[in-house]
């Protein structure tokens with residue numbers, strides 16, 4: 001069964017904050033809006049363990065920095081007819097800002113901001129774009145997001161983006177850039193990663209047009225966009241942007257700067273996801289040296305965990321243990337014995353000891369981590385706990401305890417259900433649950449879990465990822481077990497198209513889908529199509545992969561049985577699959593299968 005890579009939970013999703021810029025919003029150029037962005041984008045739930053290396057994702061809002069609660073502004077009754085007064089818009093916008101700062105509640109602030117936007121719109125000079133209108137719309141969208149009304153924020157932001165004219169200078173470029181980035185964040189909170197990335201790209205394009213390609217603020221946006229690509233598991237695009245970020249910081253930052261360290265941590269994450277462990281290790285070591293030079297002890301420990309993960313992937317177990325123990329010592333002394341950071345290292349040690357055959361130690365570390373997650377210290381986020389539970393469940397799955405693993409996944413999913421921006425993570429959990437339900441023979445529940453995962457992945461823009469193709473294949477297998485053969489054929493066909501595109505024809509996951517599709521076609525009477533697929537697979541194995549793989553003899557035997565049944569001999573020059581797998585194909589009519597013996601093919605998961 002091809003392993004399903006779960007989509008990891010972001011290490012920390014900060015609470016939504018509303019930040020309202022003052023009237024002099026254009027003073028810093030198109031890069032200054034990072035502190036003005038609202039509803040910060042969640043960190044990348046990459047399929048590997050290290051946390052997102054960028055600190056640019058969540059910056060504290062200026063209006064939350066004070067511990068004092070400001071006095072609430074007095075309620076002001078506004079006559080609609082007075083909205084034509086040009087002095088009213090700035091006054092209402094200030095009231096909205098003061099209401100937010102006082103903590104009185106977003107609904108009243110929303111009313112003021114909506115009225116301010118209407119006033120700015122009425123007072124705008126014909127043919128002249130109003131930046132005040134754009135800013136007030138950004139504030140309205142921010143308040144909608146704080147109320148978890150993301151769908152209402154999106155049309156407001158789309159309107160705001162159309163207001164400025166970039167050709168008019170830096171102020172207009174800033175307004176457009178801020179709008180695109182805020183729109184991308186909002187799409188991200190809805191789990192629509194493809195639209196989120198497109199918005200970020202437009203924001204980056206606008207910023208580069210205003211500032212040039214090598215401005216340090218462009219580097220920050222490139223890294224932000226790279227993290228979004230990592231979240232969508234688009235690692236080639238992420239790597240290209242991260243390289244650009246490193247190049248800019250080499251020019252504008254001193255050696256071993258914190259900016260370069262953050263870039264290298266992200267690059268290490270990308271390299272690890274692509275399987276280039278040696279290069280990932282090189283980037284982490286350089287990032288570690290930079291953090292040591294800047295006195296960032298806790299960050300050094302976090303990087304040590306990442307280095308341990310790389311050593312573990314390279315089977316350099318002693319070095320991995322040393323890195324984990326170094327990090328564990330720092331976390332215990334700086335954060336306490338019951339901090340989730342300590343639990344996360346316990347989980348890594350549990351995984352390591354399982355892989356080295358020390359099952360008792362592995363189980364002990366799992367139990368220690370679970371005790372910490374059961375009684376989290378104040379400040380622990382649900383995302384931290386869910387991430388840890390997901391990793392522990394994977395270890396219990398290795399212990400061949402699927403029921404315990406399922407319980408942990410259910411707990412993790414409940415922690416994330418009401419959290420915005422977690423659709424992809426929940427989809428990953430549901431896919432893993434589907435695999436475990438399938439393993440224990442609970443096929444109806446497996447199919448339901450896969451269906452839920454597929455729905456979320458389609459909505460989040462991951463319908464073209466290799467992971468999505470694997471989930472479709474698994475759902476098809478569940479449908480086969482429930483005798484829904486036509487549905488299974490459609491799922492295998494879609495999985496084939498995606499995996500061919502993302503992984504290539506010779507990848508093991510793609511070959512597995514070919515075999516499953518051949519078996520399905522045989523079951524529904526499309527014997528000729530089944531034969532041609534198998535001939536194509538055998539040709540691939542003979543010419544490119546070799547015949548040592550045990551699947552080769554199995555497939556050859558199956559093909560011989562089908563050919564014998566059809567009264568044919570093997571075609572040594574099979575057709576390309578380009579036009580072969582066509583759900584509308586009528587070359588082979590469906591035979592009467594009521595008396596047909598069940599296909600001799602075995603389905604591959």
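A Cβ is built for glycine as well, from the same backbone N, Cα and C atoms used for every other residue.
As recorded in TrEMBL:
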type	residues	note
REGION	1-83	region 'Disordered'
COMPBIAS	30-43	compositional bias 'Polar residues'
COMPBIAS	60-78	compositional bias 'Basic and acidic residues'
REPEAT	177-210	repeat 'TPR'
REPEAT	301-334	repeat 'TPR'
REPEAT	511-544	repeat 'TPR'
REGION	565-605	region 'Disordered'
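Residue counts for the repeat 'TPR' (511-544) under DSSP, helix first, then strand, then coil, are 31 helix, 0 strand, 3 coil. In the predicted model, the repeat 'TPR' (177-210) shows an average pLDDT of 94. Secondary structure of the repeat 'TPR' (301-334) per DSSP (helix as H, G, I; strand as E, B; remaining residues coil): 31 helix, 0 strand, 3 coil.
Sorting the repeat 'TPR' (177-210) by DSSP state (H, G, I as helix; E, B as strand; all else coil) yields 31 helix, 0 strand, 3 coil.
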